[in-house]
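Visitor: One structure, pasted below without further comment.
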Amino acid sequence: MKKIAIIGKPNVGKSSLFNRILKQRDAIVSETEGTTRDVKRRIVQIGEKEAEILDTGGIEDRNELFEKVKQKSLEAAKDADIILYMVDGKKLPDEEDKQIFRSLQKLGKKIALVINKIDNDKEEENVWNFYEFGTQDIFPISVSHNRKVKRLLDWVEKQLPKKETIKIEIDEELDFDELLAINEGEKKQEESNEINVAILGRVNVGKSSLLNALLKEERSIVSDVAGTTIDTIDESTIYNDKVITFIDTAGIRRRGKIVGIEKYALNRTQKMLERADVALLVLDASEGITEQDERIAGYIDKYKLACIIVLNKWDIAKKSYEEAVKEVRDRFKFLSFAPIITLSAKTRKRVDRLYDLILKVYKNYSTWLPTGQLNRVIKEAQIRHQIPSYKGKPVKILYATQYDTKPPKIALVMNRPEGLHFSYKRYLANVLRENFDLEGTPIILRPRKRGERDEEMEEESY
């Protein structure tokens with residue numbers, strides 16, 4: 001698949017164009033220079049053709065962090081097949097822009113000069129100044145007004161190869177039901193082949209370092225400056241025939257310290273959690289657990305995600321393994337199902353073990369429990385500890401059935417569902433964990449009457 005890199009200095013409208021092409025607000029847009037710090041990648045449809053588009057950070061030398069941004073942007077340009085170099089049309093062209101553009105031309109890629117912020121015909125008269133760049137492929141546009149953006153996209157589409165068509169042969173002997181079964185089987189296989197993993201944690205615990213260690217390359221910018229990642233970064237890799245997409249989320253600060261663009265980043269982080277399957281809760285092993293860590297862990301409970309607790313910076317940890325685990329279990333009682341792994345993203349020690357653990361907890365997160373076995377376990381649990389009566393009347397679970405996954409959701413069909421105390425539900429959850437491999441996943445238990453629909457009940461996980 002061809003790659004398109006959007007390159008340019010800060011605040012020329014790169015992320016706005018990226019969002020316009022995606023037809024949604026995906027990258028964070030702000031008047032603050034340097035909002036985009038990592039390279040964002042998305043698969044997009046341009047006309048009848050597909051491509052991967054790369055939104056890069058602004059190219060400008062100001063400090064160490066911006067030098068890293070510049071380096072990653074230029075690496076993206078080298079990796080791309082088509083380069084869209086953006087400039088601010090409200091300013092006169094400067095020598096730095098010309099030098100960068102000419103250096104990009106030497107890469108031998110298809111390259112267009114995109115002059116943004118040309119909002120009307122009068123402003124378009126200034127475009128002749130930009131012919132000094134030495135290219136005929138010049139596109140004066142206004143992303144904010146959607147002015148002449150289509151002309152640019154038509155040019156991009158012409159540079160892309162035609163979409164390959166795949167011919168599928170159908171056995172004429174198959175009847176409709178067999179075809180339907182094949183289709184359903186392919187759908188299930190497709191659904192279970194992709195795992196979305198959110199990397200969560202407070203500012204500067206090493207989330208981006210962990211992402212880079214998992215991918216074995218620097219995809220996310222790492223800096224000693226707290227809060228370097230202010231957008232969510234998606235990166236995919238294949239492991240054991242599974243497509244694992246890591247979502248490096250923005251570091252979450254204390255609520256009182258969240259301002260401006262970081263507030264929007266936090267909202268986007270929460271939105272991304274809605275599509276996540278597994279959460280890696282990253283903690284700094286060189287520091288104690290904070291209230292902020294507990295608040296972030298609350299998002300995992302809120303979105304009912306599978307979870308792995310990652311004690312990062314273990315190479316400089318101040319506590320023994322036993323002490324660290326005890327602290328985690330004491331502070332995160334609602335994540336008692338989550339396995340704990342110690343590692344160092346910096347040295348990459350034990351990082352590779354995360355992959356097998358991710359596959360395991362995802363399998364448990366999406367598992368279907370055999371109905372017969374499930375009911376035997378529930379029946380034995382009631383015999384072992386009878387459900388306390390409610391208002392002087394007996395309370396019984398008639399039968400149990402699993403009605404959904406991610407996480408496993410089990411309906412407890414009862415004579416008096418309102419009489420099942422939360423402590424007994426917790427007991428049942430523990431019994432289920434003793435009998436089934438459910439490490440890493442919450443369990444949702446929903447008491448209900450016969451004939452009551454599952455979606456009418458509240459979700460409570462254990």
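Glycine is no exception: its Cβ is also placed from the backbone N, Cα and C atoms.
Per Swiss-Prot, the features are:
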- 2-164: domain 'EngA-type G 1' (DOMAIN)
- 8-15, 55-59, 116-119: GTP 1 binding site (BINDING)
- 195-366: domain 'EngA-type G 2' (DOMAIN)
- 201-208, 248-252, 312-315: GTP 2 binding site (BINDING)
- 367-451: domain 'KH-like' (DOMAIN)
Visitor: In the domain 'KH-like' (367-451), how many residues does DSSP assign to helix, to strand and to coil?
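Guide: Here the numbers are 31 helix, 21 strand, 33 coil.
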Visitor: Tell me whether GLY8 (GTP 1 binding site) sits in a helix, a strand or coil according to DSSP.
Guide: strand
Visitor: What is the average pLDDT across the domain 'KH-like' (367-451)?
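Guide: PLDDT averaged over the stretch: 94.
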Visitor: Can you tell me how many other Cβ atoms are located within 10 Å of the Cβ belonging to ASN11 (GTP 1 binding site)?
Guide: 18
Visitor: Please determine which of the binding-site residues listed here (THR56, ASN204) has the lowest count of neighbouring CB atoms within 10 Å.
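Guide: Lowest Cβ count within 10 Å among the binding-site residues (THR56, ASN204) is ASN204.
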Visitor: Which chain-mates of TRP314 (GTP 2 binding site) that are at least 6 residues away have a CB under 8 A from its CB, listed by sequence?
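Guide: Listed in sequence order: ALA285, THR342, LEU343, SER344, LYS349, ARG350.
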Visitor: Spatially speaking, which of the binding-site residues GLY201, ASN204, LYS207 is closest to THR56 (GTP 1 binding site)? Use C-alpha to C-alpha, please.
Guide: LYS207
Visitor: Measuring Cα to Cα, how many Å separate LYS207 (GTP 2 binding site) from LYS14 (GTP 1 binding site)?
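Guide: One finds 25 Å between the Cα atoms of these residues.
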Visitor: Roughly how many Å separate the Cα of GLY201 (GTP 2 binding site) from that of LYS14 (GTP 1 binding site), to the nearest whole number?
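Guide: Spelling it out, the Cα of GLY201 (GTP 2 binding site) and the Cα of LYS14 (GTP 1 binding site) are 28 Å apart.
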